[in-house]
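To start, the structure itself, in structure tokens.
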Amino acid sequence: MTDYTVHIVDDEEPVRKSLAFMLTMNGFAVKMHQSAEAFLAFAPDVRNGVLVTDLRMPDMSGVELLRNLGDLKINIPSIVITGHGDVPMAVEAMKAGAVDFIEKPFEDTVIIEAIERASEHLVAAEADVDDANDIRARLQTLSERERQVLSAVVAGLPNKSIAYDLDISPRTVEVHRANVMAKMKAKSLPHLVRMALAGGFGPS
């Protein structure tokens, strides 16, 4: 059993129980919460925990939950689960403090690896991995077009919208996006968004 607890926040009981069962079978200590409000009331007592929350919930969304945790100065590594293509909301969650986001549907290994990465924040700040000065230096290597594409990605725009706005083909957007990922040494889209925000680079 892990020495930290995974807190699952989802308003749908079958989803909550299914995820909890899978994680328990893989050696994680788990606690379930039926709503963002329920977890927020419990959060001050959390010690050594990782939060996995659904993004879209009634009454209080995952983004609002993260913002409330921030207002309360409660620092818990958080992962948000989003619907496919819900990148704009996921980006808002990253700005609110999430360390990762995962799109549905996902394989068990994807959420397990995300939780293990998030748990590393319990012992080491991410700044140790991606120094802000290094990130700004990488941003300086981007071409003007690459910076435009990155800005659109951080804004949560899909490739087709970026292509339309910049008057280029979707394939060209994919090429620029791949170049940005390589120059920024980003392991994934969430990692790229985190670095861009840490480097002070937001949507134009």
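Glycine is no exception: its Cβ is also placed from the backbone N, Cα and C atoms.
Features of the protein shown, as given by Swiss-Prot:
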DOMAIN    5-119  domain 'Response regulatory'
BINDING   ASP10, ASP11, ASP54, ARG56  Mg(2+) binding site
MOD_RES   ASP54  4-aspartylphosphate
DOMAIN    135-200  domain 'HTH luxR-type'
Provide the number of Cβ atoms within 10 Å of the Cβ of ASP54 (Mg(2+) binding site), excluding the reference atom itself. 22
DSSP on the domain 'HTH luxR-type' (135-200): how many residues come out helix, how many strand, how many coil? 50 helix, 0 strand, 16 coil
Give me the non-local Cβ neighbours of ARG56 (Mg(2+) binding site): same chain, 6+ apart in sequence, Cβ-Cβ under 8 Å, ordered along the sequence. GLY62, THR82, GLY83, ASP86, MET89
With a radius of 8 angstroms around the mean position of the C-beta atoms of ASP10, ASP11, ASP54, ARG56, what other residues of the same chain does the Mg(2+) site pick up? VAL9, GLU12, VAL15, THR53, LEU55, MET57, GLY62, ILE81
Ranked by the number of other Cβ atoms within 10 Å of their own Cβ, which of the binding-site residues ASP10, ASP11 ranks first? ASP10
Give the residue counts of the domain 'Response regulatory' (5-119) per reduced DSSP state, in the order helix, strand, coil. 54 helix, 25 strand, 36 coil
